[in-house]
Structure formats: C-alpha cells, structure tokens
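Novice: Pulled these features from Swiss-Prot for this protein:
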- 10-206: domain 'tr-type G' (DOMAIN)
- 19-26: region 'G1' (REGION)
- 19-26, 83-87, 138-141: GTP binding site (BINDING)
- Thr26: Mg(2+) binding site (BINDING)
- 62-66: region 'G2' (REGION)
- 83-86: region 'G3' (REGION)
- 138-141: region 'G4' (REGION)
Amino acid sequence: MAKAKFERTKPHCNIGTIGHIDHGKTTLTAAISKVLHDKYPELNEESPFDQIDKAPEERQRGITISIAHIEYQTEKRHYAHVDCPGHADYVKNMITGAAQMDGAILVVAATDGPMPQTREHVLLARQVGVPAIVVALNKCDMVDDEELIELVEMEVRELLTSQEFDGDNCPVVRISAFQALQGDEKWTQSILDLMDAVDEYIPQPERDLDKPFLMPIEDVFTITGRGTVVTGRVERGVVKTGEEVEIVGIHEKTQKTTVTGVEMFRKILDEGRAGENVGVLLRGTKKEDVVRGMVLSKPGSTTPHTDFEGQVYVLKKDEGGRHKPFFSHYSPQFYFRTTDVTGTVELPEGTEMVMPGDNTDMTVHLIHPVAMEDQLKFAIREGGRTVGAGRVTKIIK
C-alpha cells in the first residue's frame with residue numbers, strides 16, 4: 001500500500017463530534033469514515049469503531065486527555081476529526097484546546113432529545129469560540145413517530161439559539177449512524193447528506209498563514225558582528241526580511257525594530273512561516289531588552305495586558321493537580337506561550353472556593369503585561385507543575 005501524499009489542493013478544516021454520552025458520537029465518527037471510504041476509496045482509509053473508542057491518551061500541558069483523531073476527505077475538503085470517548089475528556093479538550101475545532105457536529109439521539117451534556121457541550125462550544133454547529137439527529141431508525149422527531153428538532157434548535165448559535169438556520173440532518181455502519185443504503189445516504197451540510201455550513205477557517213505575524217520568543221542571543229537573534233516557532237503569519245516588527249509583553253513599553261534576517265537550521269531564508277522554528281535577526285535591538293515570554297509580531301496586531309477574565313479547568317489530584325481547593329487571592333503562575341507570570345485570582349461572586357476537578361470562571365491580575373487576545377490559552381502552574389488549564393474569555397485592561 002503506497003503512502004498517500006497529503007494533497008494541499010483541498011482546503012483543510014478541523015471538526016469534532018460533541019453531544020451527550022451514548023447518543024452515538026463515536027458510532028457516527030466510524031460511520032463517516034466508512035461511508036466516505038466506500039464512496040471515495042482512493043481518498044479515505046477506514047477507521048473502525050473500536051479504534052476510535054479506544055482513543056489513545058495524550059498529554060497536553062500535563063493534562064491527560066483521551067482523544068481520537070481521524071482524517072477523511074469529501075469532494076470539497078480535507079477534514080481532521082476529533083472524538084473524545086469520555087465526557088471529562090471533552091471538557092478538558094474544549095478548554096485546553098488540545099484539538100482546535102473550526103466547527104462541530106452535535107449528535108443528539110432522536111430517542112432522547114437534548115440531555116444535560118448536550119447543553120454543556122453547546123455552552124462550551126460557544127465559550128471556546130466554535131463558529132458553527134451542524135446537528136446530526138441520530139437513531140432516527142428507532143423512532144416511528146414523525147411528530148416526535150420534529151419535536152426533538154425544535155428542542156435542539158431552541159437550545160442552539162439560547163447559546164447564541166443560529167438555531168433557526170443550522171442544518172439538522174436525520175441519520176442512523178448504526179444502520180449506516182451496517183451498510184443500509186437509505187442511512188448511508190443520510191451520512192453523505194450530513195457531510196454535504198458540513199461542507200456547506202461550516203465556514204472555511206482563515207489559515208494561520210493569512211493571519212498577522214506572531215512568534216513567541218523562546219530564546220535570545222547575540223551573534224558578534226550581526227546583532228541580536230530571537231528564536232521561536234512562528235505561531236501565525238509570515239515574517240520577511242526588511243519588515244518592521246514589534247516586541248510585545250513583559251516590559252511596559254512595546255519596542256519597534258526591523259528584521260534583518262531569518263534563519264532556519266542555519267540556512268538563510270527570505271521568510272519564516274507559521275509552524276516553522278526560526279531565528280530572527282533584529283536591527284539595533286540589545287540582547288538585554290528582550291526576554292523569553294515576549295512576542296515578536298506585526299505592528300499593531302497584538303497588545304500587552306495584565307487583567308483578564310478566563311475559563312479554567314482545575315486538575316484533579318490524580319491528574320497531578322492540587323490536593324486541596326483554592327480561594328480568591330490565590331497567586332499561582334500563569335504560563336502564556338513560553339513563560340510564567342505570577343497572577344492573582346478573583347473568583348466570581350458566589351463561588352467560595354474551587355475544588356480540584358472543577359471548571360470555573362475567574363478574573364486574573366498579572367504582575368507583568370503579556371501579549372494576549374481573546375481565546376488565548378494558558379496553563380496555571382505551581383512550582384513548575386501544571387494545576388490548571390484555561391483560556392482568556394475577556395480582556396479587561
């Protein structure tokens with residue numbers, strides 16, 4: 001079997017299945033894989049159910065998450081699809097962003113309708129900025145009453161609208177993932193209809209390359225006769241020799257400088273692109289003016305802040321987290337991109353304390369400014385070990 005070449009010709013999109021336990025998320029993931037494999041065998045391998053269900057554990061920022069990654073192609077797009085077997089894995093994945101989602105397929109069993117985790121996943125999807133949701137109304141082969149299915153569909157649309165998604169217009173596709181896996185023709189077609197809806201309704205994400213340049217600085221050193229070099233992995237955008245950039249964060253003032261060279265593996269490049277580890281040579285910048293934790297960015301594209309609201313998952317003791325709860329005025333380190341900055345936590349009114357395993361909102365004040373934007377991820381650490389993971393939900397100042 002020749003190794004398939006990753007074709008860059010199709011736009012790429014990251015999606016995931018969300019929804020209540022036992023409503024058929026993993027069965028649907030397997031069904032999509034099988035149906036697309038049968039329709040486009042040269043484009044798609046098949047991922048069987050048990051392979052997805054026994055998802056490998058991944059460690060993200062010291063948090064163990066079981067997550068299954070599969071890929072498949074429709075005629076229009078290349079997809080990376082994530083499925084988490086356990087509910088706790090979902091919550092952790094959504095908050096830590098272990099697997100980014102450009103859109104989600106909400107699986108709701110027509111036999112049950114929306115359940116508590118259905119609501120929780122939709123709320124999480126909104127909080128973490130998932131732009132669009134397509135609904136897969138599953139197990140429709142088990143419901144004979146058309147009115148009952150219509151009722152469930154109405155409930156799901158209302159739920160989506162209540163969480164600021166477009167409940168009126170989002171596609172709701174009636175499927176049976178189990179029957180599609182068995183090869184039933186009618187239900188196989190329902191899976192193809194679902195993927196057509198995903199192709200059409202989930203917007204094409206802006207590629208990292210097209211976003212404004214940003215590189216978190218990992219290291220700084222001097223090359224005699226040439227100046228100061230900062231190294232790191234380009235998070236987004238492109239940086240070219242001769243361009244003006246800003247150095248943002250940690251210090252009160254943002255510095256402006258010009259890129260005089262870009263290097264990768266000791267080779268001189270014209271530019272550094274998203275995803276690449278590069279060294280960037282800066283004109284007239286002193287080594288002592290730059291520290292790890294700052295970012296190099298396109299002028300005006302990111303700003304330094306000290307106060308923000310965040311949503312945080314607090315690790316349980318058996319995940320290596322704290323053994324005891326914490327209260328307001330707790331002062332751990334907040335790890336943004338490449339560095340720790342001490343911050344003080346204020347819990348929301350009515351929340352006395354936060355226990356290991358909780359999911360909470362908090363307001364944080366950092367002692368140094370950090371280049372940040374909405375949805376930026378961070379870890380909470382104590383003495384170098386991760387005790388929580390979160391993302392910025394609102395910048396205060």
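Just so it is clear, glycine is given a Cβ too, placed from its N, Cα and C backbone atoms.
Given the structure is predicted, the values throughout are model-derived calculations rather than measurements.
Buried or exposed, and what's around them? Tell me for each listed feature.
Specialist: Counting only same-chain residues 6+ beyond the ends of the region 'G1' (19-26), those with a CB under 8 A from a CB of the stretch are 49, 52-53, 68, 83, 85, 87, 106-109, 112, 114-118, 121, 138-139, 177-178.
Around the Cβ of Thr26 (Mg(2+) binding site), the same chain contributes Thr17, Phe49, Ile52, Asp53, Ala68, Asp83, Pro85, each under 8 angstroms and 6 or more positions distant in sequence. According to its DSSP assignment, Thr26 (Mg(2+) binding site) is helical.
Under 8 Å from some Cβ of the region 'G2' (62-66) lie the Cβ atoms of residues 55-56, 84-86, 89, 92-93, 96, 98, 313, 315, 319-320, 379, 385-386, 389, all in the same chain and six or more residues away from its ends.
According to DSSP, the region 'G3' (83-86) comprises 0 helix, 1 strand, 3 coil.
Taking Cβ pairs closer than 8 Å, the region 'G4' (138-141) reaches residues 23-24, 27-28, 107-111, 149, 174-179, 184, 187, 190 in its own chain, all 6 or more past its ends.
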Novice: What does DSSP give as the helix, strand and coil breakdown of the region 'G4' (138-141)?
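Specialist: Residue counts in helix, strand and coil order: 2 helix, 1 strand, 1 coil.
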Novice: In the region 'G2' (62-66), how many residues does DSSP put in helix, strand and coil?
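Specialist: When I sort the residues of the region 'G2' (62-66) into the three classes, I find 0 helix, 4 strand, 1 coil.
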Novice: Counting Cβ atoms within 10 Å of each candidate's own Cβ, which of the binding-site residues Lys25, His87 comes out highest?
Specialist: Lys25
